[in-house]
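The block underneath contains the structure these notes are about, expressed in C-alpha cells.
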C-alpha cells in the first residue's frame, strides 16, 4: 500500500518542480531501510515491519510516481511506449533480486545477503538520479503555469471511474504473485521450480509493459487496457490448470505478461486524463493513493481465506470475480474518457 498511498504527496511535489528533491529523500529513506532490514532478528516481526513495510514502503512511495511520470513530459506521440520502457526496469529488478538472494542466503546468511542488495540499490539510485532530468522548470519559474485544482478531479467522471476500477482490480490483482508458489507446491511441482516461477513471472512482466504500452500508442490506452484486463483475469483462472512443471511455467509467463501490461497501461491511462502536463503527477498520485485501499484490504483477506477451510481454488475464484467487475467499470471509464480533452 505504501508505494501507492504516498503518491498523492510525491506526485504533487513532482508537479511543483521538486523532482530531484523528492527522489533524493526517497532514495535515502529506502537505502537506510534496506540496511536496517539486514539487522532484523529472528522472530522479531516488528523489526521487519518497520524496516521493510514502513521504511522501504515510504522510500518507494516517494520515488515511484515521479519516476513513472517524468517520461510523460518528454513524449507526445510515443508516450505509452516510453512509459512502458521506463516501468520495465522494476520488473527486471524483481527478476534479479529473488534469484540473487536465493543463492546467497544459504551460503552467506540473511544479513550479508540483504546488505549486498543494499549496495546494489545505492548504485541504481545514484545513477538513476544522475541520469534523469525534468523537461519543465519549477512551476514558480514557468510563465502561465497553472496549479492543479484537486477538487476539480472529483468532477471528472472518467477519472473517477478509473480510480474506482483501479481500486476494485487491486483487490484481486496480486493474488497469483502471493500464492502461485504455494499452489504449485501443493500440486506436486518441485519447490525449486516453484520458487523460480516468480522470476519467470517478473521477466515476462517486463515484456508485457513494453509491448502493451506500444499498442496503447496505436489503439488508445483505455481500449488496449480493457483487452489486457480480460486476459489478466483469464490467466488467474488458468491457475486451476497447474498440475506439473510445464503448466506452471506457461501460466507464470502468461500472467506475468498480461498483468505487467495491465499495470503499465493503468499509469498511462490515468496520465492521459490530465488536461495539461502540470496535472500528471497530481492525477497519477491521487489515483494510486485512493486505489491503494484495495491492496490494503486484499492482503489480509488473501492470507486468511486458505486457512479458513476455503481451498486456494475457491479463493482464486473470489478474486477473479473482482476482475470481471473491473471490466465493466473500465468500459464505462473508456467511454467517458473518449469525451475528455487530453493534453
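Heads up, the Cβ atoms here are built off N, Cα and C, so glycines get one too.
TrEMBL does not curate its annotations; it predicts them automatically.
Looking up the ranges 158-181, 278-301 in TrEMBL, the one annotated as transmembrane segment turns out to be 158-181. The feature transmembrane segment, as given by TrEMBL for the ranges 139-156, 193-210, sits at 193-210. When the ranges 21-40, 321-340 are checked against TrEMBL, the one recorded as transmembrane segment is 21-40. Recorded stretches compared: 21-40, 158-181, 222-242; the one with the most Cβ pairs under 8 Å to the transmembrane segment (193-210) is 158-181.
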